[in-house]
Amino acid sequence: MTLSPYLQEVAKRRTFAIISHPDAGKTTITEKVLLFGQAIQTAGTVKGRGSSQHAKSDWMEMEKQRGISITTSVMQFPYHDCLVNLLDTPGHEDFSEDTYRTLTAVDCCLMVIDAAKGVEDRTRKLMEVTRLRDTPILTFMNKLDRDIRDPMELLDEVENELKIGCAPITWPIGCGKLFKGVYHLYKDETYLYQTGKGHTIQEVRIVKGLNNPDLDAAVGEDLAQQLRDELELVQGASNEFDKDLFLAGEITPVFFGTALGNFGVDHMLDGLVEWAPAPMPRQTDTRTVEASEEKFSGFVFKIQANMDPKHRDRVAFMRVVSGKYEKGMKLRQVRTGKDVVISDALTFMAGDRSHVEEAYPGDILGLHNHGTIQIGDTFTQGEMMKFTGIPNFAPELFRRIRLKDPLKQKQLLKGLVQLSEEGAVQVFRPISNNDLIVGAVGVLQFDVVVARLKSEYNVEAIYESVNVATARWVESTDAKKFEEFKRKNETQLALDGGDNLTYIAPTMVNLNLTQERYPDVQFRKTREH
């Protein structure tokens, strides 16, 4: 059965994000993936600490000139017969809720782990988010050109800490200075590693068969025998790859390699285009929307503010769920009920910000936004439905915000509410006093808010420390118990930017005790937009 041209386009799409702890090699992997997708000709050489700072500052200069950094957010490139959309999740300096929400717009994730360190804190947090939707995960064990931990130990750690089964696809031969390559468990082939070829795509020498004498000659008898012994163990102790379990988010195929040496990245990409799902259906408040439907629908998962105060435009990122976007089409913004003509949407083909003529499910569009689009907004061709599952996360850092000029309280509140709608920060107004508490997931968010309040709302604000450890959204089906809870805990209650009731806990102990005391009240870590 031949698919219609529309369905052929849908079937070609793969949309994924890379999740990792800072410094596990995400930037390098992104570069190498783009190299394989022919999106760039040679990968930028970021060497060690000294020049990586240098590369970052170059970017910052460029971003200042460009006014808005979009290229790093979404990259589309061809690979084999597929079109791959790679969504960037910001690293440590600018880690924020954006990162979490980006994961709601992808169909699959690549988890990059530094094989010298194993599972780290940020990876755990990001995995919790992918769990909300059982997103399929591929794993890349990186930095095999350094001395790493025992590979079996790494797999055990992923299984125990992240609660996902590991199915090794490739297996390393040596590591550090002795790193010789990887063996592919399902193709019965060994790929030999050459040093110094990290910036371009290299011709890899392949040895067929595990018991081939050429293997002993290539890697040395000791390492060849060690590989055979390890593989016996691995095949006995680890999971076999099963596509259905992968798609259900229960097992992760594991690849070994070095992104810096550009080795093993293509094995992972081959797995990604072969196994990762084409654009998936998405839930709305009324029904499930399939990617095969020809009427357009999409949702906004991120809003990127402009860094240049002269241009107030912000870009809203929309994931296309169904239908084909064509330039100049009329779409309904469901929240406002208004129809808008979208003629200047942006697409992101390999590092260029260009106006798009058409886009399909799985693709990401950039919409110019003058403050009218919010995170979680749904756009359709008229149907009144709202996509669900774009969450707000309970912040982990809190500060009280105070004005230098007390007469500007109104502007401050307006600015904070708008910034919270955009997802830049969360704001809480305690019921029992006039404080304003700002909550964030990353420290950088606080600095951004003060800078933007000054440049966009002409308000000078400063922060003070506040006795808040965490926040939870509260609700209950038992009205009587809920009233009692509200009456007795008034001093700990606040309203967020969308007027949702929140419990502000001074300590985790306080939160745990309160939860025990009021079993009929739900304390939620996430809230839908």
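Placed from the backbone N, Cα and C atoms, the Cβ positions cover glycine too.
According to Swiss-Prot:
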BINDING   20-27, 88-92, 142-145  GTP binding site
DOMAIN    11-280  domain 'tr-type G'
Subject >> Per DSSP, three-state class assigned to K26 (GTP binding site) >> reply: helix
Original post:
In the structure shown, which of the binding-site residues D23, K26, L144 has the fewest other Cβ atoms within 10 Å?
Top reply: D23
Subject >> Mean of pLDDT values spanning the domain 'tr-type G' (11-280) >> reply: 83
**OP:** Tell me whether S20 (GTP binding site) sits in a helix, a strand or coil according to DSSP.
**Re:** strand
